[in-house]
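Peer 1: Feature table excerpt (Swiss-Prot):
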DOMAIN    10-63  domain 'L27 1'
DOMAIN    65-122  domain 'L27 2'
DOMAIN    139-220  domain 'PDZ'
DOMAIN    228-298  domain 'SH3'
DOMAIN    368-560  domain 'Guanylate kinase-like'
């Protein structure tokens with residue numbers, strides 16, 4: 001690229017832009033061919049000449065010079081006539097020769113045009129026989145390379161015309177700004193689309209390479225200002241457009257998995273939104289079902305997962321486990337006593353489609369987020385929680401449970417339990433003060449919301465393990481919970497790693513802890529699958545407890561990241 005230079009005192013702004021643009025654009029250019037094109041384009045002499053003209057005009061625009069005379073051409077002609085009548089000497093002959101030169105006449109003509117400001121084009125008069133109903137036609141030429149055009153078409157049921165149904169955000173059509181929803185398509189590359197089906201036109205477009213020429217009649221409907229692209233949602237279901245019979249164009253669909261963060265680019269269509277994956281450098285959006293449309297489809301489907309927990313013979317409290325404390329002396333009672341009142345273990349949650357989210361990172365003066373551990377019986381939730389507490393008891397804490405049973409001699413109120421009367425416990429139940437509660441041997445046991453608040457008030461991270469049906473009640477702006485699902489490995493790994501462990505939910509006839517059986521392993525896996533099927537849209541991360549040490553290290557790393565990094569949370573948590 002030739003060196004750029006300007007005269008002394010001229011504005012170098014545009015020259016600096018031209019000189020730096022190729023280097024600035026280099027990280028965003030995919031091929032060396034495109035980069036060479038940019039260097040050649042910005043090095044064109046004609047472009048530099050235009051820049052010089054622009055700067056000269058800009059200079060005179062600021063100076064605003066006034067013409068001394070508006071008719072220099074007429075003055076020159078009068079002067080020439082007068083000189084013809086004089087005696088001709090060498091100087092007069094030279095002046096007459098100069099005034100007759102075409103270049104000077106053209107210069108004076110341009111001067112008069114600028115002085116009189118008569119440079120605006122004069123349009124011809126409108127013809128008298130024009131049809132008032134005739135539509136204006138626009139010719140558009142787009143270069144789409146190998147990417148899709150980024151627009152869908154449909155046949156207008158009333159007029160039979162082929163119209164643009166949708167413009168995909170970030171696609172070639174959207175970037176051009178020349179094609180709009182509602183535009184009527186007349187020709188593609190000189191081929192009339194009259195009496196053609198949309199599928200035939202799509203085939204023509206697919207066969208076209210490089211530049212495509214459209215003849216369209218612009219839509220008269222004004223498009224509202226585009227404020228899209230600022231909304232982010234968390235997907236609460238898996239979606240594969242190739243399997244969706246309702247999508248208008250499978251190729252335009254965007255596939256995603258449960259838990260993916262999507263940036264919503266357009267909600268103009270009530271049935272099909274346009275979105276892209278958060279952080280994706282590709283500007284093109286894809287079609288996804290709208291929240292309302294997907295909710296209607298889910299509502300029409302029959303539930304495939306039973307709400308009733310698995311029944312296991314001779315297991316008095318199968319499917320439930322609750323350790324209200326980690327280092328209490330009577331753990332043998334609490335391990336198997338808990339049964340939630342009025343609780344199906346896997347209740348029917350709201351129809352999960354999308355949840356609007358925003359990026360959140362805790363500020364130094366804010367309380368810590370509540371950390372919830374969820375997992376099936378025997379998976380090791382309590383052991384992982386215990387190891388975290390042992391590792392840093394000053395930074396992490398657990399709740400103290402409430403009970404209505406009598407205090408034993410070696411117990412202290414507020415340490416092992418918070419001891420309250422049955423009447424007060426039932427009053428607190430009525431006032432929804434308990435996260436979970438149960439009854440064992442005519443005594444109530446429960447975890448209260450205030451016990452969570454008490455841990456957080458000490459500037460500690462509260463570690464809480466609950467049944468999954470309690471999650472939706474804890475997902476509030478007050479607690480901003482981070483939910484970790486502890487998942488069992490395969491049954492083969494369970495047999496290998498836990499065969500010699502002691503079951504925590506039952507005793508044999510002599511009161512000794514029983515080893516895990518295949519029945520326990522199967523129940524653990526089935527319980528985990530049921531939890532995932534119904535509640536995994538609440539889970540922020542999943543840890544497979546294949547090896548306790550590895551699972552603990554992963555848990556500790558997750559807790560450290562939670563304090564240092566931003567995470568996506570429901571937007572309602574930040575606005576309340």
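If you go along the chain as it appears here, the first residue is 1 and each next one adds 1.
Including glycine, each Cβ sits where the backbone N, Cα and C put it.
It should be emphasised that the depicted structure is a prediction, and the values quoted were computed from it without experimental measurement.
Looking at the shown structure, what environment does each listed feature sit in?
Peer 2: Residue counts of the domain 'L27 2' (65-122) by helix, strand and coil are 38 helix, 0 strand, 20 coil (DSSP-based).
On the 0 to 100 pLDDT scale, the model's mean across the domain 'PDZ' (139-220) is 81.
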Peer 1: Spell out yes or no: are there three or more C-beta pairs under 8 angstroms between the domain 'PDZ' (139-220) and the domain 'SH3' (228-298), with each pair 6 or more apart in sequence?
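Peer 2: Since 3 or more Cβ pairs under 8 Å link them, the domain 'PDZ' (139-220) and the domain 'SH3' (228-298) do come into contact.
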Peer 1: Report the DSSP secondary-structure composition of the domain 'L27 1' (10-63) as helix, strand and coil residue counts.
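Peer 2: DSSP composition of the domain 'L27 1' (10-63): 46 helix, 0 strand, 8 coil.
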